[in-house]
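Undergrad: Okay, handing you the structure first.
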Amino acid sequence: MASYPYSISSSGSDFSTPRSTSPSSVIGSARSSQSSISSSKRMSISSSRRISSSNPMSSVDIATIEEAMRMANLDVLRGYAQNHYGEVQQYATTEYVKQNQALGYQVLNEPLWNKGLSFSPEQRVSKNLTGLLPHVMEGADKQCERALKMIRSRQTSIDKYLYLSTIKGQNVDLFYRLLIDNAKEMMPLVYTPTIGDVCLQYSTIYTRPEALYISIKQRKSIRTILRNWPHPNPEICVVTDGSRILGLGDLGVNGVGIPIGKLALYTAAAGIHPEKTLPIVLDCGTANETNLKDPLYLGLRSKRIPVSEQQDFMDEFMQAAADVYPNMVVQFEDFESEKAFNYLDRYRNSYKCFNDDIQGTGAVVLGGYIGAVNLSGVPIEEQRLVFMGAGSAGVGVAKQLVEYYTKRGLSEQAAKEKFWLVDTKGLVTKDRGDKLAEHKKYFARVDNNGHQFRTLEEVIEYVKPSALVGLTATFGVFTESVVRALKASVDAGGLGRRPILFPLSNPLTKAECTFEQAVTWTDGTVIFASGSPFSNFTIKTGDTGITYYPNQGNNVYVFPGIGLGAILAKASRVTDNMIYTSAAALAGSLNAEEIHKGLIYPRIERVREANIIVAREVMKAARRDGVSTLPEAQWVEWEEWGDPALTKFIKERVYDPIF
Ligand SMILES: NC(=O)C1=CN([C@@H]2O[C@H](COP(=O)(O)OP(=O)(O)OC[C@H]3O[C@@H](n4cnc5c(N)ncnc54)[C@H](OP(=O)(O)O)[C@@H]3O)[C@@H](O)[C@H]2O)C=CC1
Ligand SMILES: CC(=O)C(=O)O
Ligand SMILES: [Mg+2]
């Protein structure tokens, strides 16, 4: 069957999609991407793929292309399509396309327009779909049912991911309906833990472009590459250099699965329109020998560049991103620690950006910790926290918690003294004898009287903590003796007290301990949160049993809301208060059932509700900090009408695919 990738608008001067308007903000028109089809002059990635595979003309010289473009006044055609212009031109001159009728097959093959079997009889006629679809007309439920059946029939998580990814490449609304309505089942597939395996195997399972790839060798072309993105005016970007992907280390460009996954969650968990999201991987080489030796590896086949060289590249990237997409918020993701801290410090006052691993994780752990302290029976002033892991996440979280304590009246010094950080060399102290990384210095202890504590057991014995947080990317470091020692130190404080244990590393293969171990080794008293999801655990006693419920302490509870809040507030910066407020908002987002069950985070099915609350509070914090550029009159109105009015404003702008 012939493929008609484009239609020509009535002016004949652009490649337009079926008639409708592009989402004007975030988020686009509420409810349906069908009604918010881009009127972009750019083509979609999927369209470009189709052209390349379906056309006979393969080589057209540049002069011919340029001439053809001039003649057709199609100067808006960019990037990939430009190389295939001759083929496009061929279609553009057919009578069929000129009459603007080439919609049918194109609609079905454009994931942002396709709504599968939901097209009404009238739409099937008006969009030339007659005969291209089976007779039945189905709503979202039926189509989700079919997709779920297929997903569940797949044996491995990767296969399930691949099936879901195929759906995303065919029918975006269906993909997000599945994700939103089946968060508990789907999120572990598009996000941690499965996304870890996906990244490890990305070179092999790659099928289509879903992100922008910018390599150090293309540093002179960053703006051009950014403009090649097919969707107009993205509002949220997740960028990585692949140097610390989850707890899996340097995966190079194969880390691209993380920005793609995180942005899928921006849409599912905060309703940011898929067209407004931009995943980017900066290819700076890799230290990963396995990837470098893999003939299928997708990135530059060279050693990772030095940090100093990457600094200049990053400067250029940030400036280019701000120039090309001035409204876009940039989320830094999975950069190795030194760069993560450095970039955050360097850019936070000049650009709209935040670091998810430092700030998002800080906020999500604080959000859970507030609830955990209430359940623990250990008064806030008696809390003592040991952190295993002093990287971007460990230090980021500890600093966020210091802010919590200072807001509760402690001096910064007294707050800081509640934290003992442990790394591969033991307790982080000033006189340990090694050169401490810059980001660790703030927490380096000076009260160790010259003694160095090398193991976690020694630290627990010395500190007698009430809480133990793991951000090491190392499986099993919370051993039975460690967990039992934590419990003993909490028990010693008084009856009924409960230990707080957060093995937060991702994916599951890097968790410091499992939920079952935590429950067993603490005789069921643990208050537990992990980065990747664990199942409930039931201890059978005769015919009955006790079921224990884990929490997932993952930044997905806040980063979508932080981004959404920053976008909707039209914030010029992402401030510390916006981050802090996201934690407080998360802590306050649990419903009665969750509180009754002893949870410290909302159930994952409510991740979207929680993020809407987070977004609302982040907007208000932006306004308080003077970084919201919304008209003052708008804020005055919201102040008058209160939270429901602001919540309504947000809900009216979020993407919720109905078809
Ligand atoms: N749940 C969530 O939402 C989030 C979870 N994470 C997870 O946190 C983990 C760490 O991330 P990040 O901080 O960025 O990584 P980093 O590599 O920056 O830090 C890891 C830290 O752990 C220490 N460490 C590693 N192994 C051991 C060990 N055996 N004993 C003691 N310390 C050890 C390292 O010590 P040294 O400094 O000496 O090398 C380092 O300080 C990852 O698995 C990541 O997936 C991250 C963000 C969010
Ligand atoms: C969750 C996350 O951001 C991480 O593990 O890096
Ligand atoms: Mg991360």
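Note: Cβ is positioned from N, Cα and C throughout, glycine not excepted.
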Undergrad: Same (S)-malate site as ARG244, ASN554 according to TrEMBL: which of ASN291, ASN506, ASN611?
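TA: Between ASN291, ASN506, ASN611, TrEMBL records just one in the (S)-malate site with ARG244, ASN554, namely ASN506.
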Undergrad: Using the Cβ center of GLU333, ASP334, ASP357 as the divalent metal cation site position, which other residues in that chain lie within 8 Å, going by their Cβ?
TA: THR240, ARG244, ILE245, ILE258, PHE332, PHE335, ALA340, ASN355, ASP356, SER392
Undergrad: Where ligand 1 binds, which of the recorded positions TYR191, LYS262, GLU333, ASP334, ASP357 are close by, with Cβ under 6 Å?
TA: ASP357
Undergrad: Got a sec? Which of TYR191, LYS262, ASP334, ASP357, the recorded positions, have CB under 6 Å of any ligand 2 atom?
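TA: Those recorded positions that pass the cut-off, since their Cβ is under 6 Å from ligand 2, are ASP334, ASP357.
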Undergrad: Could you find out if DSSP has ASP357 (divalent metal cation binding site) as helix, strand or coil?
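TA: DSSP call for ASP357 (divalent metal cation binding site): helix.
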Undergrad: Using Cα coordinates, what distance in whole Å links TYR191 (active site, proton donor) and LYS262 (active site, proton acceptor)?
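TA: Between the alpha carbons of TYR191 (active site, proton donor) and LYS262 (active site, proton acceptor) there are 7 Å.
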Undergrad: Only counting partners 6 or more residues apart, tell me which same-chain residues put their Cβ under 8 Å from the Cβ of ASP334 (divalent metal cation binding site).
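TA: In sequence order, the residues whose Cβ lies under 8 Å from that of ASP334 (divalent metal cation binding site) (at least 6 apart) are THR240, GLY242, SER243, ARG244, ILE245, LEU246, GLY255, ILE258, ASP357.
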